[in-house]
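Taking it in order: structure first as structure tokens, then the write-up.
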């Protein structure tokens, strides 16, 4: 199964961008969850505005779907500046980045998603731009080539990544602010679902919002996606009213259980229990057993399972916890 095909995937789907923009909070006051990040960014932004400076360069990292792009846009809105958006894989040539940098206005935000995928050549262009607001450009070719420096306006680079450990040290060290986004609580997700329902003019019971939230794997993007599918079900089966029973029926139809697991999650945990006696099992063996790439397990499946206490990562391998056995209604054998 391709990760992007899963309804509980934290990765963005192509057709979601327009709807996501419609329900995305614009200001910190509307931003739900991440209290420490919200408080810190409020201080940093206000201080930069008081000094009439550009905000320090900001690195945002965390699992997919937690709001990195949303936070980048909020920074630009709070600073009252423009935001230009690109991604690491798109920036193939130094000239591509140079064109974006030279078109920035003072204090503008340049947002680079998947910044860990920048090529070394692009990073070399970024270093002086981030540190000195200067751009080194080579003019000509061969022996006649020469380097000229262009001054850039003070700007804020906001980088987003799901793999902060993959950033090179020179790039990571140039970010003055580093924020990690954590999985959201069910309470915060319930508020997010209720807010999104309001933006979409949906008739949603509070308990129905809770049902969607608790199956959303701590991830706002998943919560909003499930809400849209529950809306479809309610439109067809209940005149558009999303009651708690309708929400439960819709989510059951979508094969999302009470813990927010889909077939792939259950397949992974079942493999650890049934094929490897609960573990420990090495990542390569586990990947082979369920027919998935090890990167998919490590980057997509494991973070939530570990964070929720269903899977334990040890030096010897992955181990199913007692919570996993209880979820499947099984008795854990004594060691």
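Placed from the backbone N, Cα and C atoms, the Cβ positions cover glycine too.
Annotated features, as they stand in Swiss-Prot:
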type: BINDING; residues: 23, 24, 65, 68, 69, 70, 131, 132, 133, 174, 184, 221; note: ATP binding site
type: BINDING; residues: 69; note: Mg(2+) binding site
type: BINDING; residues: 294, 313, 318; note: DNA binding site
type: REGION; residues: 4-184; note: region 'Large ATPase domain (RuvB-L)'
type: REGION; residues: 185-255; note: region 'Small ATPAse domain (RuvB-S)'
type: REGION; residues: 258-335; note: region 'Head domain (RuvB-H)'
Residue from 65, 69, 133, 184 whose C-alpha is spatially nearest that of residue 294 (DNA binding site), among the binding-site residues: 65
Distance, residue 318 (DNA binding site) to residue 69 (ATP binding site) (CA atoms, angstrom): 32
Residue, out of the binding-site residues 294, 313, 318, whose Cβ gathers the largest set of other Cβ atoms within 10 Å: 318
Rounded mean pLDDT for the residues that make up the region 'Head domain (RuvB-H)' (258-335): 89
Where the record names 294, 313, 318 as binding DNA, the maximum Cα to Cα distance in Å: 14
Lowest local Cβ density (other Cβ within 10 Å) among binding-site residues: 65, 69, 131, 133: 131
Nearest-integer angstrom distance between the alpha carbons (Cα) of residue 184 (ATP binding site) and residue 313 (DNA binding site): 21
Spatial separation of residue 65 (ATP binding site) from residue 318 (DNA binding site) - C-alpha basis, Å: 25
Cβ packing number for residue 184 (ATP binding site), 10 Å threshold: 25
Spatial neighbours of residue 23 (ATP binding site) that are distant in sequence (at least 6 apart) but have CB under 8 A: 195, 196, 199, 200, 224
DSSP three-state assignment (helix, strand or coil) for residue 313 (DNA binding site): strand
Local backbone state of residue 65 (ATP binding site), from DSSP in three classes: coil
Residue 318 (DNA binding site) - helix vs strand vs coil (DSSP): strand
